[in-house]
Amino acid sequence: MLPREFIVAWMLVFLVIFPNIFNPCTCQLEPRWAAKKRHVMREKVRKMFYHAYDNYMTHAFPHDELKPLTKSFTDSLSELGNLRLEHLPQDYNGSALTLIESLSSLLIMGNSTEFERAVLWLSQNITFHVDARVNLFECNIRVLGGLVSAHILATDSTNRLVHGAYKNQLLILAEDLGKRFLPAFNTPTGLPYAWINLKYGVMVDETTETSTSGCGSLILEMGALSQLTGDPTYEYVAIRALRKLWSMRSSLNLLGTTLDVVTGDWIEYSAGIGAGVDSFYEYLFKAHILFGKEEFWRMFHSAYLAVQKYFRHGPWYHEADMRTGKATYWQLTSLQAFWPGLQVLVGDIAAANSSHREFFHVWEKFGVLPERYLLDHQMLHPTEKYYPLRPELAESTFYLYQATKDSWYLKVGESIVNSLNLYTKVEGGFASVRDVTTMQLEDHQHSFFLAETCKYLYLLFDDSFLVDRNYIFTTEGHPLPVLRDWHDRLPESYISTNWSFAQSEKQGRRTSAMSLQVCPANDNQQVESACHITDARADHRCFTDEECGVDSTTCRRRSCSMAGYCGLWLLV
Ligand code: DMJ
């Protein structure tokens, strides 16, 4: 006979190894697996971020970006698409771009000490009074967005920073930069030049060609700057450009990809949801969330319907001519992978899920996502076989997991993390992939790897930073809070006592939205939101629309699904 103590001890060991052995409900297995997986993966992502960050700080700071293969640097803020490098002064040391881009990620990962150290360094050392020709769009989303977001985080009392030393220096820097942007908007159309010299304004003979996203993706950062400084100019010029751009849409509500800022004529009539246009759609919707203007929602709604009608082919999105709606290029581009994330915010989860699966399928096929894949020929674009550590697939995976809590997305995230470590990690950081067929590397670690790729992967596995907070992320992954003060006026439809449920709306057929049980808003009344109204029941179950509230993130009224859950259902 075995001693009783031995049997008990053995049983305990057995129970530790197989904790669910006596649990008949398999549904209990998933959350435990998921919780453990999330913890392990979160630590893996944290390691990745610091491998990238520490190498940047050692080999490149205060220059803009790290060259991980040669352990050197590049002043890429002025190199982004810039062929006129002769305008860079000899003594230019960069603008610490990667440090600026890392600020919110540091805080999200809980490193307030390093965040504070970085904030103070930037406060004392950065100047934008340099003879450097920069891309307005890139400088806006990376530098202005990074500074504005970091200023908000630095002054947020919940972040436990030593506030004494911080005297709004990042906001002062941001305002200085915003002022340097203004000459770009001085055109007959109000559409901004794509390039601006930070010291001298628009250069003589500057190109008048720009992109749709270059004109239409400024409102979040410039609007936030206006709200923080009280100077409406930044918001005004960004909205004026957006309105002008929107007025140039075709009768099909489609826009092209490139245009002339002086004549207001389109140059490239073909467009899709990828390069040159992507963040235009994103900013229409996010501007509506952030500033509460119905105008943004109306533009977005028409634009979104046009995209679904003319670009969508099953789970894929091709490009089309804005004048005719006829398909032009059948290609998947890496940048398009942000679209499912945007669709989650809209509430179009089923469509988001199916596109996301296709993007992930391509990721798995190549190991990473190639820049351009020709759908009609089922082959890679001959010259765009690269993967520059882009975040879009991770971003959409994060949003889909937030919305569904389906652990499949955790597995997708794990696969992305494993590929990044396997193919792109080198001793000196993370390197872009030059050719996905050979996995040959390129000597560049883009700042968005720290601002977005690592951030979204981290948030996928640990979203504790977002608890009781209501943020939207800019296109560069910088969080901005949805604040009541920033809404000019709550649209009347958001005031619950004004709700009248029109018959037509009640009779509407529910389409394309969530086939899943999705409850993005939580019950916590502390959520800082300009529009949040909780559902009547804590479990989000409902019999009628009247029992549903207003979503804290999107500010859209939720309605009761046929399955009896409050959600962001689309009615047609
Ligand atoms: C980022 O700089 C932004 O997300 C931008 O909108 C386009 N994509 C790059 C990273 O891929």
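Just so it is clear, glycine is given a Cβ too, placed from its N, Cα and C backbone atoms.
Curation does not apply to TrEMBL; its annotations are automatic.
As annotated by TrEMBL, active site, proton donor applies to GLU138 (among others). In this structure, GLU138 (active site, proton donor) is part of a helix by DSSP.
Taken from TrEMBL, the feature active site applies to ASP278 (among others). Sequence-distant neighbours of ASP278 (active site) (same chain, 6+ apart, CB under 8 A from its CB) are SER213, LEU335, GLN336, PHE338, TRP339, THR475.
Reduced to three states, the DSSP call for GLU371 (active site, proton donor) is coil. Marked as active site, proton donor by TrEMBL: GLU371 (among others).
Taken from TrEMBL, the feature active site applies to GLU392 (among others). Using a 10 Å radius centred on the Cβ of GLU392 (active site) and all shown protein chains, the other Cβ atoms total 24. When secondary structure is read from DSSP and collapsed to three states, GLU392 (active site) falls in the helix class.
Classification of THR475 (Ca(2+) binding site) by DSSP places it in coil, neither helical nor stranded. According to TrEMBL, the feature Ca(2+) binding site maps to THR475.
The feature signal peptide is assigned by TrEMBL to 1-27.
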Inter-residue C-alpha distance, GLU138 (active site, proton donor) and GLU371 (active site, proton donor) (nearest angstrom): 19
Same chain, 6+ residues apart, C-beta under 8 Å of the C-beta of GLU371 (active site, proton donor), given in sequence order: THR333, SER334, HIS381, GLU384, LYS385, TYR386, TYR387, PRO388
Contacting recorded positions for ligand 1, chosen from GLU138, GLU371, THR475 when the Cβ sits under 6 angstroms of any of its atoms: THR475
